[in-house]
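In TrEMBL this protein carries:
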- 107-184: domain 'Beta-ketoacyl-[acyl-carrier-protein] synthase III N-terminal' (DOMAIN)
- CYS113: active site (ACT_SITE)
- 236-324: domain 'Beta-ketoacyl-[acyl-carrier-protein] synthase III C-terminal' (DOMAIN)
- HIS252: active site (ACT_SITE)
- 253-257: region 'ACP-binding' (REGION)
- ASN282: active site (ACT_SITE)
Amino acid sequence: MKKASMISIGAYVPEFILTNHDLEKMVETSDEWIVKRTGIHTRHIAKDEVTSDLGYKAAKQAIERAKLAPSDIDAIICATISPDYLCMPSTACRISNLLGLTNVTAFDISAACTGFIYLLEIAKSLVESGMKKNVLIIGAEKLSSITNWEDRGTCVLFGDGAGAAVISLREDNHIIDVHTSSDGSKGELLITPGCGSVNPMSQDTLDKKLHFMHMAGNEVFKVAVNTLTNDVIDILAKNGILSSQIDLFIPHQANLRIINAVQQKLGLSDEQCVLTVAKYGNTSSASIPMAINDAFESGRLKNGSLMLLDAFGGGFTWGSALLKFGGK
Ligand code: COA
């Protein structure tokens, strides 16, 4: 029976690399502190490119690898917290324009670092219901544009990049299950407080730097570890799959310590885990598809490989997915 499958993956990272030593010159921090607390060594920063440029380059690669033409795509959904424009047009519309499409469903979603898991759930529903044939999902972020480069508690964590995948119906190698969730009561722990309807843009919101990301890192950290561990245990149990059967565990790349904690609880080996946090930092909705692409390009991810994905982010939102890779 035909079901939704991830038939391709693509990614793009901007060229410029910002090292921990560069950050030592910008804020009071050290390479040693950043590596010990986060596992991050470098992150890529977009200079002359905006979020839709990053998303377009990842999307183009994913469409080519799916052996499709842009005109075969009938829905484009972009997850981002750093859109080209605050309200409109959507970044998905901007990417559709770059792809040369003028008649396609296109919209953005906002689920922070869990964006790509939410995208999988939406795309699966659209293709399995018969509403759409080939759904292009994109996680694209220019987080450097919403980062306070004077706040050492956040600026060392984030980077820019994009990842994309095409979801279509196939006979085998399906998306087995997707779980998404949220708890809005903790929204203020990870927030961009300014420039929305609560604090419309004014000189005051700019002076207070409310348009940048604010995070209570330590509190987020504790909730993330507990929530993610329970979530991946649940999705494995629900589907009768043992952690030893997973070919690749591809978590959201926020912090090496969070990933290691979940890895240890599940008893996953290093060979099963895909890690890109050291070189890319946290790229929010882009981090999972960028990591899937890394595994694909290094030959670790093959047609039929069983992947376990998990993510946690602002909202709070979280989720996990089990899928066999349908790309070749
Ligand atoms: N360099 C040096 N010192 C720093 C620093 C930096 N870049 N950032 C913070 N510090 C200091 C703090 O000021 C604090 O100093 P104090 O003890 O004198 O007050 C000390 O380091 C410890 O800060 P704390 O925030 O408790 O550190 P931590 O071990 O929690 O690590 C994070 C901070 C941000 C790396 C960590 O909390 C984290 O990764 N949080 C979750 C991120 C995440 O997953 N986000 C959600 C998903 S996107």
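Keep in mind that glycine also has a Cβ here, set from the backbone N, Cα and C atoms.
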Other CB atoms within 10 A, centred on HIS252 (active site): 30
HIS252 (active site) versus ASN282 (active site) - Cα distance in angstrom: 8
Length of the line joining the Cα atoms of CYS113 (active site) and HIS252 (active site), in Å: 7
Active-site residues listed as CYS113, ASN282, least Cβ neighbours within 10 Å: ASN282
